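In what follows, a single structure is set out as structure tokens and then discussed.
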Amino acid sequence: MKYKRILLKLSGEALMGDRQYGIDPKRLAEYAQEIKEIHDKGIEIAIVIGGGNIFRGVAGASNGMDRVQGDYMGMLATVINGMALQGALEEAGMQTRLQTALKIEAIAEPYIKRKATRHLEKRRIVIFGAGTGNPYFTTDTAAVLRGVEVNADVILKGTRVDGVYTSDPEKNADAVKFDYISFEDVLAKGLNVMDTTAFTLSQENKLPIIIFDMNKRGNLLKVCEGQTVGTTVTI
Ligand code: UDP
């Protein structure tokens, strides 16, 4: 395996499967199997999960809701997803811990870096919920932050697209996918990989990001083996 410890970022929307909203149990079970494959290979796995399948603060604000209130609702949505993922991973036979940036002690440990690291060393899968715990941030930023904190080797951003393109492949048939690209080139070309805060944090800490299609069976394992899947962003 190319990596010893990874931070896997899954968007909330990824859990919807073919649905328009919420969580598809079938998709969740499929993800659990993919994660089990890499866990069986000895990789230490930390996961940050989004909440966009349930609630986004920006969407709430555009409908007249207070932005901060909406963002906290979004953070709670990530905890619901984290609990669902935790259930699916345990169903598939893995040990897990859910740690949240907002304290909800009846269901999750509060985020403590040293504890998280210890869990990882003991081969427990650690799911980080409630994003960074602060409004106006995203779970992509939480992923990079936690990745840096627990010394992950790489951020694996599993999405529904298979990488970074020269332009939007859905609008432009000539769009070409990058296998590798530098942080600087992403900025110079104005490409969209992650939000600016997440991207800058990753660049400053020299933490590579791989964007890949999580819905293609076997891709997660291939990425961890170091095969050229998706787009790798490095310094
Ligand atoms: N959120 C937040 N602070 C954070 C992480 C998330 O306020 O540190 C809120 C924000 O409202 C966001 C929502 O939680 O819209 C869900 O997260 P995100 O949109 O990143 O989820 P994803 O797009 O990955 O499903």
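Including glycine, each Cβ sits where the backbone N, Cα and C put it.
TrEMBL: automatically predicted annotations, no manual curation.
According to TrEMBL, the protein carries these features:
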| type | residues | note |
| --- | --- | --- |
| BINDING | Lys9, Leu10, Ser11, Gly12, Gly52, Arg56, Thr159, Tyr165, Asp168 | ATP binding site |
| BINDING | Gly51, Asp71, Thr132, Gly133, Asn134, Pro135, Tyr136, Phe137, Thr138, Thr139 | UMP binding site |
| DOMAIN | 4-213 | domain 'Aspartate/glutamate/uridylate kinase' |
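Nearest neighbour of Gly51 (UMP binding site) by Cα distance, taken over the binding-site residues Lys9, Ser11, Thr159, Asp168: Ser11. Ser11 (ATP binding site) counts 21 other C-beta atoms within 10 Å of its own C-beta, drawing on all protein chains shown. Ranking the binding-site residues Gly51, Gly52 by how many Cβ atoms sit within 10 Å of each one's Cβ puts Gly51 at the top. Looking at Thr132 (UMP binding site) and Thr159 (ATP binding site), their Cα atoms lie 20 Å from each other. Ligand 1 lies under 6 Å from the Cβ of the following binding-site residues, listed in sequence order from Lys9, Ser11, Thr159: Ser11.
Comparing C-alpha positions, Asp168 (ATP binding site) sits nearest to Thr138 among the binding-site residues Asn134, Tyr136, Thr138.
The binding-site residues shown are Asn134, Tyr136, Thr138; of these, the one with its CA atom nearest the CA of Lys9 (ATP binding site) is Thr138. According to DSSP, Thr159 (ATP binding site) is assigned to a strand segment. Taking only the Cα positions, the spacing between Tyr136 (UMP binding site) and Gly52 (ATP binding site) is 14 angstrom. In the three-state DSSP assignment, the secondary structure recorded for Lys9 (ATP binding site) is strand. Farthest C-alpha pair in the ATP-binding residues Lys9, Leu10, Ser11, Gly12, Gly52, Arg56, Thr159, Tyr165, Asp168: 26 Å apart.
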